[in-house]
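As written in TrEMBL, here are the features:
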- 150-322: domain 'Phytochrome chromophore attachment site' (DOMAIN)
- 416-469: domain 'PAC' (DOMAIN)
- 470-545: domain 'PAS' (DOMAIN)
- 547-599: domain 'PAC' (DOMAIN)
- 600-672: domain 'PAS' (DOMAIN)
- 675-727: domain 'PAC' (DOMAIN)
Amino acid sequence: MDSESVFRSWLPGDGEMAERIRAFDWSQTSLGPIAEWSPTLRTVVGFMVAARQPVFLGWGPETVSLYNDCIVPILGAKHPASLGRSFREVFAEVWTDYEPIVTRTMAGEAHYLEDQPVRLAGRGEDEPSYFTYSWTPLREASGEVAGFLSIATETTAKVLSLGMLRQSERRQAFLLQLSDAIRALGEADEIRTTSTTMLGRHLGANRVAYAEHRPKDATFAVAPNFVDGTQEIVGEFRYEAYGPDILDQLQSGRLRIQPDIQADATLDGTQKRRLAEAGVAASLNVPVLKQGRLVAFLGVNYASPHVFEPAEIELVEEVAARTWTAIERARAEALLRQRELDLARVQRIGEVGGLDIDIANGLRSKRSPEYLRLHGLSATGSEETHAQWRARVHPDDREAAERTLFAALEGGGSGYESEYRIVRPSDGAIRWIHARADIERDGNGRPTRLVGAHLDITEQKETQEALRTSRERLRQFGEASTDVLWIRDAETLQWTYLTPAFETIYGIGREAALHGNDFRRWVELVEPADRGEALAAIRRVRAGERTSFDYRIRRPDGEVRWLRNTDFPIRDDYGVVTSIGGVGHDATELKRIEEALRASEERLRSAVEVGRVGLWDWDMVAERIHWSDEHFRMEGYAVGEVVPSYEAWASRLHPDDREATEAALRSARDSRTEYVHEFRTLLPDGAIHWCAARGKFFYDEEGRPIRMVGAMIDTTEKRELLDRQMVLIHEVQHRTRNLIGVVRSLVERTLEASSSADEFRTSIRDRLGALSRVNGLLSRLESGEKITFDELLRAELSAHGLLQNGAARQLTLEGPTGVRLRSTTVQTFALALHELATNAVKYGALASDVGHLTIRWQVRSESGGRRLLVDWRESGVPDMPTGDMAAKGGGFGRQLIEKALPYQLKARTSYVFGADGIHCVIDMPVTADQPKI
């Protein structure tokens, strides 16, 4: 018989492990072929295979493994590779724990271990398995221990069940303690702190935080909660700062479990860093949803990675729900208490007296403190009878008040309302009471209870009476007023009030005006040209503005009248414009007066502008002065350049005239006489102007000057004309004498040069004609024509016969032609030339045949404009005066040149007696528009 047949004789059976043991090549192990096994080993293997419970056999020094079918499920993925391998190789993951047991068993010590946790590789689970097993040493016939036999029973299910039971008991005990702790708390903050602290300590967490959801801003708010060994996190935070989908996850009711934050692939580096800084390495967030909406969540944090057990998660969920419920209860109770306090406060502030009448037990009432005060009763009174209430009602109202009460009680309704007067016992005052109440009834409809409130409406009644009186006064005022008073509804714009004056002004009766759409009818009465402004004003008033505007209406009889409306908004207690009030004044006569006044003012303005009159109005009390536009210009200011003031006026006075001018002003003020004075002004450009002013002071009742009005005109031109007139008067006198002298000289010189009477007659006629022509040229100046210098010079020289015959050889004329002279300067300038020519003919270079006259002129440009320089130089004149005689010589002509020309023509002059003749220089302004030479 071969070895296998032999083995089959002691190892019967068709089980998997029997087949595998028979088929295994044991020769490759320390046990050797089956045929060589000892009887003890064969016996034990046979026992093991036949056993109906998990049995494991380790044999030999290497503890080679053999096992039966019952242990295969326990081995899991280790089967069938475990067969024939050493115990150490098979259970390498727990060898550290089991090596002492194997060693002691192989030394002959038996063991019995109950519910031992064993983490077996290959089972595909992280949780340990639990076993109760015995370790029995096996001996050979010699008594030597050759192996061990381990009979195992897996108790994992039992252990886990018992663990869950114990966890459930601990959880229930904790929840009971939690409920007891927070039930006695009335503040939300206390509940939150207690709940998170108890949970944190129970779980050994580093932080437990109750956060409330803020849906408006997608944030969550965290108040002080439980922390242990980490920092507190308090404030309002955005969800996205702690994860990309945390809000969606919580809103959908899903738990957010993160056992290892730093290994969480859903978080970016910034989020991980932020959580690490907050001391969060593991996190569990449990949402609380009410009616499908996220309201809060409870977060549990650990400072190191943490595996959250299912029982732990269930506990956090239960605590989260209980915490929210307790907090909401506390808030509701707090709100209720606050509302009760607010109600009592409202009753006190609003002076509302509450009462509760027990109708079923004889109409006895309980009254609030405010009711007692309102009715003037003692503060210690708690109940009163119906008779006591009836006695307090005013005698005139008693019967009606009682009748109203009983009618409500007997009528079957649920409400009662009444108004009556009472006489307060405390002070005898009569007060109006408004009573309102609800009536409670039993199943048969009988009244059982009345709960209500009393309001003191005395002031309201007085206000109503005052309003009635006011309305009556308004009615009387409106009927007596000549202005139209009206009120419109701000929404519909229909009149709600209209006074009789409307008919007088508009020519339409009030009843007709108020019929139908009265606003549209009013708009149709307004002249088309004024409707836009009228409607715009109505819109502004509806928007809350006050406005005033003028417009015309056309009455049905065709008459057009002017109205001045003042419209204003009328608001309710909330500031909303509900009505529009208005006053319409017939301004037809006023418009006529205004038009007349406007025309008068226009005429005055025109007169002032044409007459170039400067006006002033000096308010001496307010220290304000008004100047007309012409006044600004007369003072050398642009219109509006300065603020009119005394200083601005005085600063323009000529230094030589300022003292006298101000003295004249003070004198007129103090003597209460009219101010009349003429003075000069010195303008910034150096121009000097003469002004004649006339003004009047006004005084208050105490004689103090309060106002001065006046006018002034520019008299510069008048002054110059007067000066020129005086010059002309003197010149006419002088010229008459000179003309006679010139004529005499002409006659004498003509006689000397004539050889016959006919020759004399001809020559003298020509020279007299020339003299007449120059005088005619001078007369052209009155017409304003432009005269050129060379024309004027030649005319003057011709008048003296100096350009004819042999006299011209005694003249030298050098200068440009066409130099235009200013019209206002020609006459005076011509007189100067005439004086120079006359003196030259009578006494100077042309008085004899040996003298010579040289006249040179040129035009120069300066910053102030163009100027004409004339150089008049005589030579060959004997016996010229010297010394004092030279200084005093020259007579009228010299004074004209040295004084009149600088003053009237702004000329610069020089008049010198030379050794052999006169040397005169005249430098004067000329017109700018000179022709090109």
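Cβ atoms here come from the backbone N, Cα and C positions, even for glycine.
Taking H, G and I as helix, E and B as strand and the rest as coil, DSSP gives the domain 'PAC' (547-599) the counts 12 helix, 30 strand, 11 coil. Shown for the domain 'PAC' (416-469): DSSP residue counts in helix, strand and coil, namely 12 helix, 30 strand, 12 coil. This prediction places the mean pLDDT of the domain 'PAC' (547-599) at 88.
According to DSSP, the secondary structure content of the domain 'PAC' (675-727) in residues is 12 helix, 30 strand, 11 coil.
Residue counts for the domain 'PAS' (470-545) under DSSP (helix as H, G, I; strand as E, B; rest coil) come to 44 helix, 11 strand, 21 coil. Counting residues of the domain 'PAS' (600-672) by DSSP class, helix then strand then coil, yields 40 helix, 12 strand, 21 coil.
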